[in-house]
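Some features that TrEMBL has for this protein:
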| type | residues | note |
| --- | --- | --- |
| DOMAIN | 83-549 | domain 'Major facilitator superfamily (MFS) profile' |
| TRANSMEM | 81-104 | transmembrane segment |
| TRANSMEM | 116-136 | transmembrane segment |
| TRANSMEM | 148-165 | transmembrane segment |
| TRANSMEM | 171-190 | transmembrane segment |
| TRANSMEM | 202-224 | transmembrane segment |
| TRANSMEM | 236-261 | transmembrane segment |
| TRANSMEM | 281-306 | transmembrane segment |
| TRANSMEM | 318-336 | transmembrane segment |
| TRANSMEM | 393-415 | transmembrane segment |
| TRANSMEM | 422-439 | transmembrane segment |
| TRANSMEM | 451-473 | transmembrane segment |
| TRANSMEM | 485-508 | transmembrane segment |
């Protein structure tokens, strides 16, 4: 994608997106004979990652894969440009949604007097976000990219309606879970389509450049949020509701383009028209594997959040029951996938692949730290630092905007050098240093400039680490398995995020109220302490009063506890990054096929 934006037209355009001449169908897939090597020496373990995947390159695939490859053969120059334009429109509305609904969540839960439940809600959402990715990836291979876009956008629209019309916290939470399904699917499909049209060498830059709307949208969204949530504004409900119109309109362009070419491929006889049986469909999407993986992951992660909200915590019988059930399902998964599944959603050999395994571990650890320090960051900066809705939104997204800018630079570096390991190691160092600085500069006494600088440092590390962990996992597999491994890597990122939210929620639930009692003194009431812990709307003392200073100290103390957890996980990530393989990225889709 990036190559199209930055390069001249003609032959360099085709080379950049991994195609031949504009109207020429791609050559038949063949196992590559390229000599894969490390930077300094040939690591037998790393080469084994590729050789193992070459041996599996000609195994049977889902019937939808041939339809997808046939439609790609028909895209030509016009089709690819239409898809690029469609992706741009989707990313614009995706980032508008991402930067507003995320903030509205704070006001919504505060309206329901449930701010202390924010971590549990966020964790449940990230669990949903993670576990739906593998089945959506499988479905995109079976039914096609276009139909799956239509399905995920439908989930978006339904969620907007439910959240905007919610009369209770439960109804809002239900809408938010559907929202995460739509967001997760759209996010994954964007990455899959970008990987479809880019070579391995250009892919990091393509993914980085696809998030260009995020460089502008947070600042625009801050102004929108400031007006929407002001006393005379339309309110967070209408702020969410208007997206139910904007989202399907912007997404319709890429959906119609993909559906048109998929239909054209079938009409011209380039793709199979035969319908498959329900049994075959279930086999191709691996329903059994999806249930074991998604169910096991959900049952394992959900108790981590819920335990902090129950009186007996880890002694609660049903908490233990959920954990045991989750572990049983996940233990059964590799045996089912190896011996029974014809089209495994999580092939066991992925975890024997050193490159994929390390990418999964590193991205999970990185997101544990990020989520632990950012789940309550908006509440902290509004309460402890006194920032208004606009400035608090600016602060919240400094990390993300910096990450996008650095991701583009890192993508250029990967394009120029064909390497990625040194970027990942350097980014891990920056992350660790950033968390160390954060321990010192997330206090109530620190100035606004100081807390913004910390976010800037973290964004630099995020951009370098995040950019380098998806592409290596993709290039050691054939193209048809690209959606699956993409889903798995992003899934592990959000598993890490959900664990980080669990950590933040446990710390917040167990330490904030004691900290409020400590700083407010015996003159306060239990009702006041509970209200301060559960809402940022209207109950916080006026800025400059002794009570507000006390609340600021309490919130800042709790935030430092969360930062300590991030320091530990970032140290693990730094150590793991030194063992990452360093293949030279080729000018084709992957290292396994030509």
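Heads up, the Cβ atoms here are built off N, Cα and C, so glycines get one too.
Here the domain 'Major facilitator superfamily (MFS) profile' (83-549) has a mean pLDDT of 87 out of 100. For the transmembrane segment (393-415), the list of distant contacts is 2, 99, 102-103, 201-202, 204-209, 211-212, 214-215, 218-219, 221-222, 225-226, 374, 377-378, 381, 387, 423, 427, 451-452, 455-456, 458-460, 462-464, 466-468, 471, 585: same-chain residues at least six beyond its ends, Cβ to Cβ under 8 Å. If you look at the transmembrane segment (281-306) against the transmembrane segment (202-224), you find fewer than three C-beta pairs under 8 angstroms, all six or more positions apart, and that falls short of contact. Contact between the transmembrane segment (171-190) and the transmembrane segment (485-508) is supported by 3 or more Cβ pairs under 8 Å, counting only residues 6 or more apart in sequence.
Long-range contacts of the transmembrane segment (422-439) within the same chain: residues 362, 366, 369, 373, 410, 413-414, 454, 457-458, 460-465, 467-469, 560, 563-564, 566-567, 570-571, 573-574, 577-578, 580, 582, each at least 6 residues beyond the stretch ends and with a Cβ under 8 Å from a Cβ of the stretch. Residues of the same chain lying 6 or more positions beyond the ends of the transmembrane segment (81-104) and with a Cβ under 8 Å from any Cβ of it are 1, 4, 75, 156, 163, 179, 183, 186-187, 190, 193-194, 197, 210-214, 217-218, 220-221, 224-225, 228-229, 236, 239-240, 243, 246-247, 250-251, 253-255, 257-258, 378, 389, 393, 396-397. Taking Cβ pairs closer than 8 Å, the transmembrane segment (451-473) reaches residues 191, 200, 203-204, 207-208, 355-356, 359-360, 362-363, 366, 370, 381, 385, 395, 398-407, 409-411, 414, 420-421, 423-424, 426-431, 433-435, 437-438, 441-442, 485-486, 488-490, 573, 577, 580-581, 583, 585 in its own chain, all 6 or more past its ends.
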